[in-house]
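Right, one structure below, let's go through it.
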Amino acid sequence: MSDATKPTESPAAKAARLDTTDELAKLRDRFVLDDATVYLDGNSLGALPAGVQDRIADVVGREWGQLRIRSWTESGWWTAPERIGDRIGALTGAAPGQIVAGDSTSVNVFKAVVGAVRMAQQADPARDEVLVDATTFPTDGYIAESAARMTGCAIRAVDAADIAAAAGPRTAVALVNHVDYRTGRLHDLPGTTAAVHAAGALVVWDLCHTAGALPVGLDEHGVDLAVGCTYKYLNGGPGAPAYLYVRRDLQPRFDSPLPGWNSHRDPFAMEAAYRPADGSVRGRVGTPEILSLLALDTALDVWDGVSLDAVRAKSLALTDFFLECVAAYVPDGVVRSVTPAEHAERGSQVALRCSDAGAVMGELIARGVVGDFREPDILRFGFTPLYTRFADAERAARVLAQVLEGTR
Ligand SMILES: *Cc1c(COP(=O)(O)O)cnc(C)c1O
């Protein structure tokens, strides 16, 4: 049947059809979710993966409660940051030995930016500028500013799309968010990385909104350093440990600004002098946060056998379909999408601008559709392909239209 003769399919019917043919649909069972709520805030806090509660009970009750100190070796606690880092590497395109899990994203931004500036200045002391994307998540900007001040650099804010053109002979490092947390815009990682390299500088990518949402290709694209959190699309839980990627060939030159005893070559020698470990261990600082690391470890089990290409395809289909439903249900001009229509420029969220957005989101949440509000006028809807259904997207758009009808 050609499109011209096809009877018009309602959004609800289309949602049902897309859910039926969705090859990832069965993964929803691996999460603790209920049908009362449409959860579209996985870009802020991913849902609880089934199995985490039991794992935590075992870690607390047996590994800590019974084995106590023995668990540092017998339960693999000491090496958990590298082991879990490698699992994150499998999801971000990094070969083993380059990612270490631990600390917050904020702390890892600090390690990465200072470490990267030191490498750049080692090669060329005249490099005295740090580029940061102008609409960065605030913590990255605050920390980059401090890191720049500590390393004798000036900071320059540039639109992420213009970083490639802005990098020059004075640039030491560019810090870029892979996806803009507010608009959901996906930035050009391969192109920007290549351009920053051509200028002789290093690039640090923040993957908070892309790890677990789309293939990143850290090794493939020659990224220098990267950081990210694990409580968004990786579902590691509130305050779950973040991670640091340092490309293998840069590791010997990585001079951490936080050289804690866990990154020492022989930590239990308790030497007065610092000697850095080789490899990703060099990115560690202090004693790892075992309870949250092991919750994350189990949360990552949901990815076993999941193709990131399938995740990306579903993410784009979900956000396309949500925008289609919004267009069908919400009168023209009431909301405006600030998320790019181009697939190549879209992450896994849709951001809609509307008046009184804070109150609108409050009402949406009261009616069981959970997204979030970002200043000044943005409604954010995150689509986690592992557990979001097309029917959820349809319901969210339908309830949004009802709420907007009521507030106009
Ligand atoms: C979520 C997010 C953070 C969070 O940093 P924390 O240190 O975990 O609070 C940082 N940067 C970006 C780009 C984010 O999206």
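Including glycine, each Cβ sits where the backbone N, Cα and C put it.
Unlike curated records, TrEMBL annotations are generated automatically.
Look at TrEMBL and you will find T105, S106, F137, P138, T139, D140, D206, H209, Y231, W261, T287 tagged as pyridoxal 5'-phosphate binding site. Less than 8 angstroms from the CB of Y231 (pyridoxal 5'-phosphate binding site) sit L45, G46, G237, P238, G239, A240, each of them six or more residues away in the same chain.
According to TrEMBL, the feature N6-(pyridoxal phosphate)lysine maps to K232. For K232 (N6-(pyridoxal phosphate)lysine), the number of other Cβ atoms no farther than 10 Å from its own Cβ, over all displayed protein chains, is 28. Reduced to three states, the DSSP call for K232 (N6-(pyridoxal phosphate)lysine) is coil.
Taken residue by residue with DSSP, T139 (pyridoxal 5'-phosphate binding site) is part of a helix. Taking only the Cα positions, the spacing between F137 (pyridoxal 5'-phosphate binding site) and K232 (N6-(pyridoxal phosphate)lysine) is 14 angstrom. Taking a Cβ cut-off of under 6 Å from any atom of ligand 1, the binding-site residues T105, T139, D206, Y231, T287 reduce to T105, T139, D206.
Annotation for T139 (pyridoxal 5'-phosphate binding site): spatial neighbours T105, S106, V109, criterion Cβ-Cβ under 8 Å with sequence separation of six or more. Counting only residues at least six positions away in the same chain, the Cβ atoms of T105, V109, T136, F137, D140, L175, V176, N177, H178, A226, V227, G228 sit under 8 Å from the Cβ of D206 (pyridoxal 5'-phosphate binding site).
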